[in-house]
Amino acid sequence: MVVVGPHISIITLNVNGLNSPIKRHRVAGWIKEQDPTICCLQETHLSPKDKHRLRVKGWRTILQANNEQKKAGVTILISDKVDFKAKQIKKDKEGQYIVIKGTLHQEDITLINIYAPNTGAPKFVKQLLIELKEDINNNTIIVGHLSTPLTPMDRTSRQKINKEIIELNEKLDQRDLIDIYRTLHPKTAGYTFFSSAHGTFSRIDHILGTKANINKYKRVEIISSIFSDHNAIKLEINYKKKAEKGAKMWRLNN
């Protein structure tokens, strides 16, 4: 017997800097409007000393990896509405990634939020997947600004993917990781970034999950944001909990 358990949503957005108080206020308002269980932000540009500046009512749990030079920077905010317990947190000193292992509604979850550099991104992400090998399991969700398309369909130019991206895809495959947007929308060209220099749209922000959990990924969509040069991606997950062993299901005798 399977019963439907809690429903959670994860949203990811490259905010392109949070040093302006007005922008922080707008981002906080946007988070409240979207109301995600978990909100992952990249390129916050906050230093370790500034981390107290990011406050969102209703999301008291805020975990950050920041860079002394106010470059990069990643943040994970977790809603007060959920039962979340952190067991382990890994923070990158350069502010390029943060890893959180814990439980959400008693279900194990590992969340990796990445901000990849604009140059050499596929190589960087591939190397990170090697370094974080021990942290990647069936409950892992990887989100963030990977700074690279994964298929030709992820760019308006339909340009072929290069050797580095092919190797990154091979590494994702080895780890049983899938691009959730492309899996649920195999024929839809959705974009998260517009490059004014090249005049092209691309999807370089991603949410990756494991093949084992494909049935839990209910819905994924791209959401526009007016305060950043990127769009957000929102994933909805259904956690189905199996009934405890030995639990008898009572039925009316018809």
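Backbone N, Cα and C atoms are what each Cβ position is placed from, and that goes for glycine too.
According to TrEMBL, the features are:
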| type | residues | note |
| --- | --- | --- |
| DOMAIN | 11-230 | domain 'Endonuclease/exonuclease/phosphatase' |
| BINDING | ASN14, GLU43, ASP229, HIS230 | Mg(2+) binding site |
| SITE | ASP205 | site 'Important for catalytic activity' |
| SITE | HIS230 | site 'Interaction with DNA substrate' |
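By neighbour count, meaning other C-beta atoms within 10 Å, the densest spot among the binding-site residues GLU43, ASP229 is GLU43. Close to the recorded Mg(2+) site, the chain also has LEU13, VAL15, ASN16, GLN42, HIS145, PHE193, ASP205, SER228: residues not among ASN14, GLU43, ASP229, HIS230 whose Cβ is within 8 Å of the site's Cβ mean position.
In this view, ASP205 (site 'Important for catalytic activity') is surrounded by 24 other Cβ atoms within 10 Å of its Cβ, with every protein chain counted.
Cβ neighbour count for HIS230 (Mg(2+) binding site) (all protein chains, 10 Å cutoff from its Cβ): 21.
On a Cα basis, ASP205 (site 'Important for catalytic activity') lies 8 Å away from ASN14 (Mg(2+) binding site). Within 10 Å of ASP205 (site 'Important for catalytic activity'), judged by CA to CA distance, lie the following binding-site residues from the set GLU43, ASP229, HIS230: HIS230.
Counting every protein chain shown, the number of other Cβ atoms lying within 10 Å of the Cβ of ASN14 (Mg(2+) binding site) is 25.
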